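Listed features, source Swiss-Prot:
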{"type": "ACT_SITE", "residues": "199", "note": "active site"}
{"type": "BINDING", "residues": "43, 44, 45, 102, 103", "note": "ATP binding site"}
{"type": "BINDING", "residues": "136", "note": "Mg(2+) 1 binding site"}
{"type": "BINDING", "residues": "176", "note": "Mg(2+) 2 binding site"}
{"type": "BINDING", "residues": "201, 225, 229, 230, 231, 232, 233", "note": "D-ribose 5-phosphate binding site"}
């Protein structure tokens, strides 16, 4: 891609969550970003103005619902409503990071299922399709009645480590049981075995014990996760792997939320390098020397073109 794309009916708009990524995606597709503005009334209400005609157009809106989650979500919902009322033919949401995905079920009594609520809001506002990346819970796709293209960053992350020639003694590690499928996909691409961190609390008020299922002694370990938030799990896992004899520990994730003590924990951990994507825009204060960021612009740009041309996107899932 990156050549000029000749279809005036294809429009890409960006809101405020990750404009840099949106500009990269538009460049990959070969068109300019659509003209729109987001302003606020004095009481904080969001006002959106679409500054060009989109009547009969197939519109793609790029917006992650990352921090500030509620602000970014409301921007998106208001934008969808504006596009619907301006007679867009289709309204396609490109959401690299789907916020509220961790609230996908009732873990305790009287809890909401917020991932479903967000899906309802997006659909009710008028979205006709969604393209997203590595949802925390893949079953959230079932909360929608519109088509969802659920991409993953495993190929991008795997290629990074493959190009670094880390040797034959690689092991891909899942930091919990829920991430085993993701770890297995990376392991298949790197032709490496997997290991699993099994966290157990032997009895109440006793610290969790990290048991490692698999052989990591003398190995170079790559921990893969979908989200790193406070970095507690991944840094404790890295420490446990080193104590079990791993020679080096790398870590990677699709969504670097990185809140609270995350940066200090990563800096102080035995992790050699943390590789993340740009699904979430990172401010300067969240950058450290041992971090590297990969762009998902080519992946999302290719998905947009294929969807627009009614071509298959299934090869992008592999």
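Heads up, residue numbers simply count up from 1 along the chain you see.
In case you wondered, yes, glycine gets a Cβ from its N, Cα and C as well.
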Report the same-chain neighbours of the residue listed as 'Mg(2+) 1 binding site': residues 6+ apart in sequence with Cβ closer than 8 Å to its Cβ, ordered by sequence.
98, 101, 102, 104, 226, 227
Quick one: pull the CA-CA distance for residue 231 (D-ribose 5-phosphate binding site) versus residue 45 (ATP binding site), whole Å only.
33
Got a sec? Which of these binding-site residues, 44, 232, has the most Cβ atoms within 10 Å?
232
Among the binding-site residues 43, 45, 225, 229, which residue has the largest number of other Cβ atoms within 10 Å of its own Cβ?
225
One should report the C-alpha separation between residue 229 (D-ribose 5-phosphate binding site) and residue 103 (ATP binding site), rounded to whole angstrom, as 14
Listed in sequence order, residues with CB under 8 A of residue 176 (Mg(2+) 2 binding site) and six or more positions away
196, 197, 199, 233
Between residue 230 (D-ribose 5-phosphate binding site) and residue 103 (ATP binding site), how many Å separate their Cα atoms?
17
Taking the Cβ of residue 233 (D-ribose 5-phosphate binding site) as the centre, count every other Cβ atom within 10 Å, in any protein chain shown.
20
The rounded CA-CA distance in Å from residue 44 (ATP binding site) to residue 225 (D-ribose 5-phosphate binding site) is 36
Can you tell me the CA-to-CA distance separating residue 45 (ATP binding site) and residue 225 (D-ribose 5-phosphate binding site), as a whole number of Å?
36
Can you tell me the three-state DSSP label for residue 232 (D-ribose 5-phosphate binding site)?
helix
Cβ atoms other than its own within 10 Å of the Cβ of residue 102 (ATP binding site), all chains, total 15
Tell me which residues of the chain lie with their Cβ under 8 angstroms from that of residue 103 (ATP binding site), as long as they are six or more apart in sequence?
111, 112, 113, 114, 115
For a quick check of packing: other C-beta atoms within 10 Å of the C-beta of residue 231 (D-ribose 5-phosphate binding site), how many?
27
On the three-state reduction of DSSP, what should I expect for residue 45 (ATP binding site)?
coil
